[in-house]
């Protein structure tokens with residue numbers, strides 16, 4: 001049981017405990033190499049990607065833990081066990097690597113970030129209490145994308161209504177981009193009632209900027225009030241909802257709306 005728990009806590013630890021160091025290192029390479037490769041390829045940055053990555057981690061850990069537990073029953077009590085120093089030298093780097101990947105390199109290497117929705121500016125697309133995943137390798141905003149951006153040190157979500165060089169206007173609540181009518185662009189009609197949601201004088205988006213609108217058009221503090229947002233302030237594209245108290249919303253994915 002001890003070897004089983006050790007392997008589940010730290011990749012391959014139980015295998016090292018029963019004298020299978022090479023096997024333990026294979027488990028570490030498979031687990032961390034697989035997750036890193038998946039992140040670099042952009043395979044984690046979606047609800048489905050998160051679920052599959054989580055299942056992969058559990059599968060590898062359970063398999064290695066089962067192997068360690070089975071081997072532990074066959075190892076004689078008289079056989080020497082790794083010293084406390086050996087355990088420390090094995091486990092510490094793996095724990096450190098896990099910490100760095102999750103808290104330091106998650107956005108840049110693994111290519112995703114997780115957020116909680118605390119406000120209703122994107123209702124009904126994003127509801128208060130939703131947990132979303134964003135693709136942080138995203139670097140080319142398109143009209144219709146739902147993005148995460150920084151404003152005065154706070155990260156928020158809105159929809160891209162126009163990109164650099166576009167001419168944007170709102171007429172009777174409908175978004176007009178370069179003369180093309182995009183309709184309500186993700187906003188439900190019942191949330192496009194106020195004067196500032198019905199009309200926007202034509203404007204041109206500056207180079208290196210985007211114009212953002214909330215789907216809850218009447219209740220959104222977006223580019224109509226804060227101005228155009230620099231592309232450098234965008235931190236990712238929202239790809240879906242990975243968890244929500246409303247189970248029907250879990251797994252929802254978003255494609256560009258135009």
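Just so you know, the numbers here start at 1 and follow the chain as drawn.
Cβ coordinates are placed from backbone N, Cα and C, and glycine is handled just like the others.
Segment annotation: TrEMBL labels transmembrane segment over residues 24-43 (candidates 4-23, 24-43). Sequence-distant contacts of the transmembrane segment (24-43) (same chain, at least 6 residues past either end, Cβ-Cβ under 8 Å): 7, 11-13, 15-16, 49, 52-53, 56-57, 60-61, 64, 90, 94, 97, 101, 109-112, 135, 137. Residue 121 (active site) is 8 Å away from residue 158 (active site) when you measure Cα to Cα. Counting residues of the domain 'Peptidase S26' (95-243) by DSSP class, helix then strand then coil, yields 32 helix, 60 strand, 57 coil. All protein chains considered, the CB of residue 121 (active site) has 21 other CB atoms within 10 Å.
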